[in-house]
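The structure appears below as structure tokens.
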Amino acid sequence: MGNGGAISESVLKKILLSYTYVAIWIFLSFTVIVYNKYILDRKLYNWPFPISLTMIHMSFCASLAFSIIKVFKLVEPVSMSRELYLSSVVPIGALYSFSLWLSNSAYIYLSVSFIQMLKALMPVAVYSIGVFFKKESFKGDTMFNMLSISFGVAIAAYGEAKFDSWGVILQLGAVAFEATRLVLIQILLTSKGIQLNPITSLYYVAPCCLVFLFIPWIFVEYPILRDTSSFHLDFVIFGTNSFCAFALNLAVFLLVGKTSALTMNVAGVVKDWLLIAFSWSVIKDTVTPINLFGYGLAFLGVAYYNHSKLQTLKAKEAQKKAAEADEEEGKLLETRESEGVGENRDQS
């Protein structure tokens with residue numbers, strides 16, 4: 001009875017911890033998205049400078065990551081040569097900077113709810129780019145699933161009350177850059193055995209992002225900021241916004257490391273629906289029935305894709321364990337046979 005109680009308590013503690021990680025991630029992800037929208041939207045805080053905002057985030061994150069690794073030595077840096085940095089981290093940093101730039105720019109033109117609906121295309125982009133780089137195998141049923149997701153998003157776009165073509169192009173561009181980055185992380189880093197946690201990732205990638213963002217910033221936003229009073233920064237607003245962005249990176253690490261891929265996907269779905277509800281009820285964005293119907297179709301397609309991926313991963317893990325068990329059994333049989341031969345020799 002005592003042991004049963006202890007086991008139940010242990011399981012309960014694990015479940016509560018998982019829910020806590022999920023709640024923290026949803027809260028921070030939700031906060032960063034709404035906060036960015038508030039800062040960039042011309043009808044709200046009215047500071048429509050997405051490159052500048054992204055550079056502030058990257059500067060803050062790079063400084064904190066540098067302090068944690070080099071000053072306080074709380075995290076060990078990854079051993080990385082200059083050649084590896086230039087060939088692997090720099091391309092990933094470039095893609096990340098463009099992805100953040102375009103996704104933040106979309107907040108100026110589109111509602112939070114519609115942006116979340118467009119983000120449902122991420123699995124389509126990741127799969128398509130994965131097939132192109134030969135990291136994914138082409139399958140007819142998977143492609144049909146991708147088409148169903150795309151069809152759902154197209155319906156949601158058709159039903160959007162405040163459709164803006166330029167905003168859609170920006171968000172789709174952000175999805176394409178982010179999907180390419182995710183695939184290249186597998187090709188350029190994971191395949192070489194390099195694992196970066198959020199702190200080391202920001203330590204290596206954030207300075208690279210700053211360099212890539214500085215070039216368009218000089219030509220696009222700096223002249224406007226220089227000639228207007230908008231160059232003045234509110235340290236409370238931008239400091240808390242940047243801190244939330246940094247904390248979100250840590251929350252992602254906690255959620256992925258301490259829970260499962262399925263939990264991450266479910267948490268993402270909950271976050272998206274909460275954002276749509278918040279966008280409609282608080283920000284007063286228009287969400288039409290066609291919007292919801294289209295996103296519902298896309299959501300079902302994404303859920304099925306995530307389920308299929310999870311089943312594939314489980315099957316691979318089961319095959320790996322079976323192969324290890326067979327190998328172990330083979331070694332055991334060899335040991336027994338060699339021992340039997342030894343005994344026969346001793347008897348003769």
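Backbone N, Cα and C atoms are what each Cβ position is placed from, and that goes for glycine too.
TrEMBL: automatically predicted annotations, no manual curation.
Feature annotation from TrEMBL assigns domain 'Sugar phosphate transporter' to 20-306. The region 'Disordered' annotation in TrEMBL covers 324-348. Annotated transmembrane segment per TrEMBL: 16-35, 47-72, 84-102, 108-130, 165-189, 201-219, 231-255, 262-283, 289-306, in sequence order.
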The domain 'Sugar phosphate transporter' (20-306): mean pLDDT?
90
Within-chain partners of the transmembrane segment (201-219) [C-beta distance under 8 Å, separation at least 6 from its ends]
51-52, 54-55, 58-59, 61-62, 64-66, 69, 77-78, 80, 85, 89-90, 92-94, 96-98, 100-101, 246, 249
Please report, as numbers and ranges, the same-chain residues at least 6 past the borders of the transmembrane segment (84-102) whose CB is under 8 Å from any CB of it.
50-51, 54, 57-58, 170-171, 173-174, 177-178, 180-181, 184-185, 188-189, 192, 194, 204-206, 208-213, 216
Answer with yes or no whether the transmembrane segment (165-189) touches the transmembrane segment (47-72) by the criterion of at least three Cβ pairs under 8 A, sequence separation 6 or more.
no
With the transmembrane segment (165-189) as the reference, find which of 16-35, 108-130, 289-306 contributes the most Cβ pairs under 8 Å.
108-130
